[in-house]
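What follows is a short report on a single structure.
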Amino acid sequence: MPQEFSQSIGLCRGSPGRRVRRHPGGFVLTRDRLDELVPIEPAAMVPRTYAMIRKAATLGTFQIESRAQMSMLPRIKPRTFYDLVIEVAIVRPGPIQGDMVHPYLRRREGKEKVDYPKPELENVLGKTLGVPLFQEQAMRVAIECAGFTPGEADQLRRAMATFKHNGGVSKFGQKLIAGMVANGYEREFAEKTFKQLERFGSYGFLESHAASFALIAYASSWLKCWHPDVFCAALLNAQPMGFYAPAQIVRDARNHGVEVRPVCVNASLWDCTLEPKNDEDRFAVRLGLRMVKGLANAAAAAIVAARAEQLFSSVDDLRPRG
């Protein structure tokens, strides 16, 4: 492992916040710069990748592979990077419990009019169709609509961030509602707004956090879309992780046109590998010996070493030599 990467891992492990082990799927490791492999600049993001995402063909990708995300993708229909940011953020307990999901979807589909009681609210919530999805938006609502100072708004953000501690946001309710009413908002609207913000106590995202997740989600989706053979092999070699078993990953890869070859004592290494195909640019995925349940790495190494001298001719030949 490169020294720079080892040092970065050490810093993450020593930090008081989230630890590396909590998001092992949040890395896309490449030999060279990621932006030289994947077109991750928004202007370079290609429609074909988004078309795959809209179909919810996202098994194995980061963040958008869960059943909940897959059911939401055909409704959000991401076509831009910011659509993907919203997709990542909206399938969370906070937005769901705060009754933000269905209003957003109805407005996105043109079934419900977006109404902003005052212009400053449109400035804050325009990108999310009048629905507060991010902690930064909650801070701006508090400042611009309820007269909070930046310091008070930051206290609100901190209360939302500590979502495991119930009641942290509730103490701001009276001040926010009174401030919004004083600034010309109807009390009913102010109370509804606070209830939505209060639900961030059940885990609402920072916009920057959602954008970081969306970038990795796009990068992993691009790799699956354009290099499904490589993606499949890498995903199998990273097991156990994610929501799906190796058999499901293999079935999904075959549905995407990948040839998956079985484990073979004369061809397989420990890891799954890529084998050239005579008439195509794509590779076939050869399942590795790691896929054999109960087979230890040392035993697999012995098999590989023995066949280097002579390939196995039968099960009887394998038994004494392997």
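Just so it is clear, glycine is given a Cβ too, placed from its N, Cα and C backbone atoms.
Residues annotated as domain 'DNA polymerase III alpha subunit finger' in TrEMBL: 47-184.
Helix, strand and coil counts under DSSP for the domain 'DNA polymerase helix-hairpin-helix motif' (257-321) come to 23 helix, 10 strand, 32 coil. TrEMBL lists 257-321 with the feature domain 'DNA polymerase helix-hairpin-helix motif'.
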In the domain 'DNA polymerase III alpha subunit finger' (47-184), how many residues does DSSP call helix, how many strand, and how many coil?
88 helix, 1 strand, 49 coil
